[in-house]
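One structure below.
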Amino acid sequence: MERIFHEKQEGSLCAQHCLNGLLQGEYFTAVDLATIAQQIDEQERETMAEGGLNSDDYQRFMHQPSGNLDDSGYFSVQVIANALKVWGLELVPYSSTDAVAQAAQADPTQSTAYICNYKEHWFTIRKLGGRWFNLNSLLSGPQPISRTYLALFLAQLQQEGYSIFVVVGELPQCQADDFHEEDSDPDLQEALQQSLQESQQAKTPTEASTLSDDEMLEAALRLSMES
């Protein structure tokens, strides 16, 4: 897994880490994302100004802090989406009725990547060379996710309140794709244990799983026997 690009958490720059993990390289900096956020702010200001510079809505908007970035380094989904447009990529809510989302719900392994958000934290789940990895910047390194466990993992994230987006479009080629192309899927139980342990360590108490490890393992094993 040494060829997999993985940025560890620095300050509150998880949006940057999320995007760079998705694209597998140092493609975006905090300055880049701040510039995009400011452009979105300006577009929103111009839209609000159409109702009149003296309108209550416009005055209220001008006195509110930006909803696209803050001093901690947080960036909104609009910033993430606009950054990905540069690469011809778009985000589709996983729980929506969009055809792409419906296909992903039926078989999550057919997509190439997911971006997940809970409160102010962003992270990427991506397929690399046929294998799936959790690239959460709060983890010590990339964590493998078995194909069978992927659907269960996404369902668990939804239960915990995460917003999940399907990444649509062709991701840039990377070394990790070539390196892992011939690798077989990791052992289910080992992948479960690694992902569960690291994910639980990365979560705050309010993000604690509502299922026990044994319950999740039992469910995943049951899914593997059905597949």
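Each residue, glycine too, has its Cβ placed from N, Cα and C.
Just so you know, TrEMBL annotations are computer predictions that nobody has curated.
Quantities reported herein were computed from a predicted structural model and do not represent experimental measurements.
What TrEMBL annotates here:
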type: ACT_SITE; residues: Cys14; note: active site
type: ACT_SITE; residues: Cys14; note: active site, nucleophile
type: ACT_SITE; residues: His121; note: active site
type: ACT_SITE; residues: His121; note: active site, proton acceptor
type: ACT_SITE; residues: Asn136; note: active site
type: COMPBIAS; residues: 189-202; note: compositional bias 'Low complexity'
type: DOMAIN; residues: 1-182; note: domain 'Josephin'
type: REGION; residues: 180-211; note: region 'Disordered'
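Packing around His121 (active site) is summarised by its Cβ count: 22 other Cβ atoms lie within 10 angstroms of its Cβ, all protein chains included. Taking the domain 'Josephin' (1-182) as a whole, pLDDT averages 89 in the prediction. DSSP assigns Cys14 (active site) to a helical segment in the three-state reduction.
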